[in-house]
Amino acid sequence: MANLQVSGILEKFQMTGKDKDYRYMATSDLLNELNKDSFKIDLDLEVRLSSIILQQLDDVAGDVSGLAVKCLAPLVKKVGEERIVEMTNKLCDKLLHGKDQHRDTASIALRTVVAQIAPTLAPSILVTLTPQMIGGISGQGMSSGIKCECLEIMCDVVQKYGSLMTDDHEKLLNTLLLQLGCNQATVRKKTVTCIASLASSLSDDLLAKATVEVVKNLSNRNAKSEITRTNIQMIGALCRAVGYRFGTHLGNTVPVLINYCTSASENDEELREYSLQALESFLLRCPRDISPYCDEILNLTLEYISYDPNFTDNMEEDTDNETLEDEEDDESANEYTDDEDASWKVRRAAAKCLAGLIVSRSEMLTKVYQEACPKLIDRFKEREENVKMDVFNTFIDLLRQTGNVTKGQTDTDESSPKWLLKQEVSKIVKSINRQLREKSVKTKVGAFSVLRELVVVLPDCLADHIGSLVPGIERALNDKSSTSNLKIEALVFTKLVLASHAPPVFHPYIKALSSPVLAAVGERYYKVTAEALRVCGELVRVVRPSTAGMGFDFKPFVHPIYNAIMSRLTNQDQDQEVKECAITCMGLVISTFGDQLRAELPSCLPVLVDRMGNEITRLTAVKAFSVIATSPLHINLSCVLDHLIAELTGFLRKANRVLRQATLITMNTLVTAYGDKIGSEAYEVILVELSSLISVSDLHMTALALELCCTLMTGKSCSENISLAVRNKVLPQALTLVKSPLLQGQALLDLQKFFEALVYHANTSFYTLLESLLSCAKPSPQSGGVPKQALYSIAQCVAVLCLAAGDKNCSSTVKMLMEILKDDSGTNSAKQHLALLSLGEIGRRKDLSAHAGIETIVIESFQSPFEEIKSAASYALGNIAVGNLSNYLPFILDQIDNQQKKQYILLHSLKEVIVRQSVDKADFQNSSVEKILALLFNHCESEEEGVRNVVAECLGKMALIEPEKLVPALQVRTTSPAAFTRATVVTAVKYSVVERPEKLDEIIFPQISSFLMLIKDGDRHVRRAAVSALSTFAHYKPNLIKGLLPELLPLLYDQTVIKKELIRTVDLGPFKHVVDDGLELRKAAFECVFTLVDSCLDQVNPSSFIVPFLKSGLEDHYDLKMLCHLILSLLADKCPSAVLAVLDSLVEPLHKTISFKPKQDAVKQEHDRNEDMIRSALRAISSLDRINGVDYSHKFKGLMGDMKRSVPLWEKFQTIRNE
């Protein structure tokens, strides 16, 4: 049927003759038929269709020939190879030898064919197309128009099929290189683009040939300047196209470009511009190989960022005197301008090149601050606005990079970027203030962007400069010529600066600041209004930072702020963002100024409650009441309290999890502050709702619900009815919860407080509760035994319960638990297990020495044949000792000396003692310390790894208590002939590192290298321990190791490499098994790199790590691949330019990972593991896809294309990208 319709359409073409409209309609009908999925075609129709469409391409009516071109796209997909080759030949003939007026159409048609042909047909088409295009480019007498068309078509061809035409690469490259010397600028420009597109698929030899030829052209000093400029552009384009592969050619190209920069004539600005652009490409795409030239490039950018030979700046230094303002504005307006002056291009290129160096060389930040920062600040006065924006952006890059690499570090070191930045703050503010007085809105927006980034990096740096900045903020908000963008930027900065500085700093300027901000609240544009309301929130805190008097009279500002916000709060016809900001801000106003707004509260509070009825503003209103309830002013809520509690109780039933969490927090604050004003009936309803929220499936919600229960029980209004409701509704849920192995963290702490409150405040029988808790440990027929982790939770609740019930009840419970141990000795019952853990938990909190022989009873459980019982006994003994060190520590030490067979268990008991003491900072007696150290050092060489690990942890925690004794003792043993001893002492150092500042830090700092340099030890166990220690230092105390990293990093990277000598084959009879003894070491090394990238980026040179080490890891064992995917994602986020430079080399291992399919007979575990691996790789690919400039990599684009063609893979990728 479709063929009959097409035949009818073809007959129309023969009948239409000279009538253009008929020809148009016939072509349109044909296009519609070709686009139908049901359209099928036979050989005869192929010939007729292709002939008619090619004929229509020559139609004198442009709209008809345009439709004919569109017909080619679906036609190419539906005709055979022979027909496509025939059409390609005819189109080439039209392009090369046809009439001039048909050339454009033929070119577009050819590009359409190239875009649509299937990859399987591409080789046949290329055999026909490529020689003719090469002929069109190089042929004698060919016009520049034909050359340009051929170059554009070849550009499309090599971009899509470059890897399929390797046989033509050399001939095509030679042809293109000759065109770089063409007299026509358009031909040269398109040649540069074509060579760059071809470059990514060229072999290394041909790439070298291209580079050598271009450098040779540049060496010809007699060449025309425009030819030289083209060749410089070619160098930059090649580098951008091939990335890290260009690195080997930098030795030949960088000196030539620097020479052109410095020796170009004064009028040849474009030569300098292109040279600097090429150098920027080198910095971003070849960060590893450009390293030797970075200092020289830095000096070059600093020279040319102020290059302005036609203009002399004789203006005197800026002052902050406001009387000069008008004069300066006039000066700005009448600045030197010259349409022929192109020096601004050089300055812009220099600024961008400097930005490239800043973002790619984090290790040079200190040098950049010392040499470039003052120059950049000086260039804020740049007279060309576009260049000024680039200078601002470069400085913002510097600030952001400072924030990235100094995250979590102190700024006391005089060589640290943050410290150096602090020294420049005054100059920055002075220069920015001048920019804020400029007339240009764009300039002022850029200036505020710089200030905003400055405050993000150095939150408290503007305290001494607020007075000079306020006029600029006022002008930005008050000036009628100000745009919304400028107002938003000024408001965002104001909010940041108010939030990050001490309130008294702003008190002299509150009047000047508040007026324009409150005016902005009334703006029509919602984004300005929302931002102004956020500023008001910060302003409220600044105006009255505490209810105690601070010598500042805040009262004049209360009603203006309240009125401005109230007008927005009551206006329903506005954007959701404004509504939410108004609610949040009003919550702060009432919380802070409530005592001054008593007359207004009865009209304001009902509006906030009303906003809780609207689903859009409900969550924000709930949070606002939490702020009001925590106010030290104890705001009178009587007019809305009952309604408020009823609304909140209803929200506990809502499906919205975030709303339920916010509701629990708000209810807790309300019950704490207004508990005696809330009726017990309301509490009983609340408790019913709370019971349904206590579940192991949501521990955060559970913790909040339990906290509210405790508040209800401990409040003044706790009645017998409330206690009964808690026992009947909540207690059963709590007893179910305590049996879960997943219970941990805040939920476990709140559960302990819940049991404590039950005994203290809710008149609950201690023995009933205790029996209920102990019963939780009994195995049930349905669920079997209670998990080990649950027993620990139950034991902690038992201990808290006993202490809350008083000494008498506590003592009787301890006796009962001891009886259980006597009666059940030799069994593996949960009852005995729980008894041991409970004694440990009680003993840790209370001295149990009054119970004679308790230690002997506990230690008898060491004889148990069951490991769980022995472990629990060890835990119990150590914790009981914590309750009375002088009584029990000598006993444990004596037992370790005399009980050889029980040493491992006893060492765990000692570990419990030491770990608890290191946290509580309790001191041991000297005699005990000496005895403990002697004992621990004696066990350093134990054959059992478990013993050595316990010893290392004990030594590490002892170092926190006695650093002066431990650090030298550990250091001495780093040179021990026994490898196990060396490994144990470096592991001990790892355990001594904690997040909080310690006296140990200053003692270990000078000695730290002797421990970490064991990374080059001959024994792999020692190396692994050193790597693990380095990782821990990098995470918690990066400042201690920064100075060692230049020496440590190459050694660390070496540990990521597969070592053949560590791979062995074990003969298992029927089959052989390969064992890789270096796997755990490599895993530890990659984990350490991940930590270093996160905490010490300014010391890590990512370029030297990614290739070859990360690339190798992406092809290593399953566990290491997953780690490397994480590292790659982190690097893509923190230093994208370094990743972009070597991206092509990373695509293949990622492609292999996502394409891998397990064998058909693989077990489910292998399939699951492979799915995890694919998802891990897709996350890394998603991170790479977000890098700006990733489109330069044809290989990565190919990877994304392959993924799109695989529907299941693309769906997984989209899911991950949307997470």
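If you go along the chain as it appears here, the first residue is 1 and each next one adds 1.
Cβ coordinates are placed from backbone N, Cα and C, and glycine is handled just like the others.
Taken from Swiss-Prot, the feature N-acetylalanine applies to A2.
Residue counts for the repeat 'HEAT 4' (248-288) by DSSP state, with H, G and I taken as helix and E and B as strand, are 33 helix, 0 strand, 8 coil. Residues annotated as repeat 'HEAT 4' in Swiss-Prot: 248-288.
Look at Swiss-Prot and you will find 311-340 tagged as region 'Disordered'.
According to Swiss-Prot, the compositional bias 'Acidic residues' annotation covers 314-340.
Under the heading repeat 'HEAT 5', Swiss-Prot lists 327-363.
The repeat 'HEAT 6' annotation in Swiss-Prot covers 367-404. Averaged across the repeat 'HEAT 6' (367-404), pLDDT for the predicted model comes to 95.
Per Swiss-Prot, the feature repeat 'HEAT 7' maps to 423-460. For the repeat 'HEAT 7' (423-460), same-chain residues at least 6 beyond its ends with a Cβ under 8 Å from one of its own Cβ atoms are 318, 320, 325, 328-329, 332-333, 369, 373-374, 377-378, 380-381, 385, 388-389, 392-393, 395-396, 399-400, 402-403, 468-469, 471-472, 475-476, 481-483, 485-486, 489-490, 492-493, 496-497, 500-502.
Among the features that Swiss-Prot reports, repeat 'HEAT 8' is placed at 464-503. Here the repeat 'HEAT 8' (464-503) is broken down by DSSP into helix, strand and coil counts: 31 helix, 0 strand, 9 coil.
Swiss-Prot lists 599-636 with the feature repeat 'HEAT 9'.
Beyond its flanks by at least six residues, the repeat 'HEAT 10' (639-676) meets 601-602, 605-606, 608-609, 612-613, 618-619, 622-623, 625-626, 629-630, 682, 685-686, 689-690, 693, 698, 700-701, 704-705, 707-708, 711-712, 715-717 of its own chain at Cβ-Cβ distances under 8 Å. Summarising the annotation, Swiss-Prot assigns repeat 'HEAT 10' to 639-676.
Within its own chain, the repeat 'HEAT 11' (808-848) is flanked in space by residues 766-767, 770, 774, 777-779, 785-786, 788, 791-792, 794-796, 798-799, 802, 854, 857-858, 860-861, 863-866, 868-869, 872-873, 875-884, 912, 916, which lie at least six positions past its ends and keep a Cβ under 8 Å from the stretch. Look at Swiss-Prot and you will find 808-848 tagged as repeat 'HEAT 11'.
The annotation repeat 'HEAT 15' is assigned in Swiss-Prot to 1002-1039.
Residue counts of the repeat 'HEAT 16' (1043-1079) by helix, strand and coil are 16 helix, 10 strand, 11 coil (DSSP-based). Residues or ranges marked as repeat 'HEAT 16' in Swiss-Prot: 1043-1079.
Away from its own ends, the repeat 'HEAT 17' (1101-1137) comes close to residues 244, 283-285, 287-288, 291, 356, 359-360, 362-363, 404, 1049, 1053, 1056-1058, 1076, 1079, 1082-1083, 1086-1087, 1089-1090, 1093-1094, 1145-1146, 1149-1150, 1152-1153, 1169, 1172-1173, 1176-1177, 1179-1180, 1182-1184, 1186-1189 of its chain (Cβ-Cβ under 8 Å, at least six residues beyond either end). Residues or ranges marked as repeat 'HEAT 17' in Swiss-Prot: 1101-1137.
Residues 200, 242-245, 284-288, 360, 1103, 1106-1107, 1110-1111, 1114-1115, 1118, 1121-1122, 1125-1126, 1128-1129, 1132, 1187, 1190, 1193-1196, 1198-1199, 1202-1203, 1209, 1212-1213, 1216 of the same chain sit 6 or more residues outside the repeat 'HEAT 18' (1141-1180) yet have a Cβ under 8 Å from a Cβ within it. The repeat 'HEAT 18' annotation in Swiss-Prot covers 1141-1180.
Beyond the repeat 'HEAT 15' (1002-1039), the same-chain residues lying 6 or more positions past its ends with a Cβ under 8 Å from any Cβ of the stretch are 408-410, 413, 959, 963-964, 967-968, 970-971, 974, 979-980, 982-987, 989-990, 992-995, 1047-1048, 1051-1052, 1055, 1062, 1077-1078, 1080-1081, 1084-1085, 1087-1088, 1091-1092, 1095-1096.
Residues of the same chain lying 6 or more positions beyond the ends of the repeat 'HEAT 16' (1043-1079) and with a Cβ under 8 Å from any Cβ of it are 1008-1009, 1012-1013, 1015-1016, 1020, 1023, 1027, 1030, 1085-1086, 1088-1089, 1092, 1096, 1099-1101, 1104-1105, 1109, 1112-1113, 1116-1117, 1119-1120. Remark: secondary structure over the repeat 'HEAT 10' (639-676) totals 31 helix, 0 strand, 7 coil, with classes taken from DSSP. Helix, strand and coil residue tallies for the repeat 'HEAT 15' (1002-1039), in that order: 34 helix, 0 strand, 4 coil [DSSP]. Applying DSSP to the repeat 'HEAT 9' (599-636) sorts its residues as follows: 23 helix, 0 strand, 15 coil.
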